[in-house]
Ligand code: APR
């Protein structure tokens, strides 16, 4: 680990589970309570925008009542410590649309599936910070059009900043995946991209995921325990 310089960390819903935010799959997950086709596709939004807006309004309100947990805090600490060491880089790529990484103090966070706390105007294409609801069709702060949608990447839509993610993977020495089931591409394919580039790979997850076999090492347990432990190791050994 002594020559570990560039780290790319992928996080999923599992890192926010202990903060009280539902995951998507598994017992009681969101996709057990709602059909993806009803709330998380562009077609669903065309068909029944109220249902979709209500679903994301509920989620947007809920996440603002939640707090970061020790896993978020440990990654923020690692980011700061790493930035203080010359020639080291760390990028957190999250599939999550909550802002718990940032509220824990992390700064270099890439939201590949968007963020709950933005509204996206389909008229002028501007994204505005948004903490309220969209069900009442509020005006876009930029252009005044009543054409705001959640700034969330729906199934069938292209995730954000893919080129920046692949560029970071090309430079990485270590790829770490935390709290994700490996069920959704392109994120689920990053471990194979990393391996093909000769990057070391580590998984930290409550249970084995669909991609566990691809990782050099896979550790099971709650993120709030595994992540601080791993961060301690990295800071001690490198
Ligand atoms: N600590 C660590 N891992 C956990 C914890 C925990 N406390 N709780 C759950 N997990 C793990 C589960 O074992 C599971 O493998 O987190 C994973 C969550 O998987 P999903 O619910 O499928 O969430 P995620 O992988 O982030 O979903 C990917 O799918 O629905 C879309 O766009 C949505 O970004 C999301 C994407």
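Glycine is treated like the rest: Cβ placed from N, Cα and C.
Here TrEMBL flags 1-237 as domain 'Deacetylase sirtuin-type'. Computed over the domain 'Deacetylase sirtuin-type' (1-237), the whole-number mean pLDDT of the model equals 95.
The feature NAD(+) binding site is assigned by TrEMBL to 12-31, 95-98, 179-181, 205-207, 223. Mapped onto three states, the DSSP output places residue 12 (NAD(+) binding site) in coil. For residue 12 (NAD(+) binding site), the Cβ neighbour count at a 10 Å cut-off comes to 27, with all displayed protein chains included.
In the three-state DSSP assignment, the secondary structure recorded for residue 59 (substrate binding site) is helix. Long-range neighbours of residue 59 (substrate binding site) (same chain, six or more residues apart, CB within less than 8 Å of its CB): 97, 116. Sequence annotations record features per position, and here TrEMBL assigns substrate binding site to 56, 59.
According to TrEMBL, the active site, proton acceptor annotation covers 113. Residue density at residue 113 (active site, proton acceptor): 19 other Cβ atoms are found within 10 A of its Cβ, drawing on all protein chains shown.
For 121, 124, 140, 143, the entry in TrEMBL reads Zn(2+) binding site. Long-range Cβ contacts of residue 143 (Zn(2+) binding site) within its own chain (separation 6+, distance under 8 Å): 121, 123, 124, 126. The secondary structure of residue 143 (Zn(2+) binding site), as reduced to three states from DSSP, is coil rather than helix or strand.
Long-range C-beta contacts of residue 28 (NAD(+) binding site), restricted to its own chain and to partners at least six residues apart, with a cutoff below 8 Å, comprise 22.
Straight-line distance linking the Cα atoms of residue 20 (NAD(+) binding site) and residue 56 (substrate binding site), rounded to a whole number, equals 16 Å. Among the recorded positions 16, 95, 113, 124, 206, the residues whose Cβ sits under 6 Å from any atom of ligand 1 are 95, 113, 206. DSSP assigns residue 124 (Zn(2+) binding site) to coil in the three-state reduction, outside any helix or strand.
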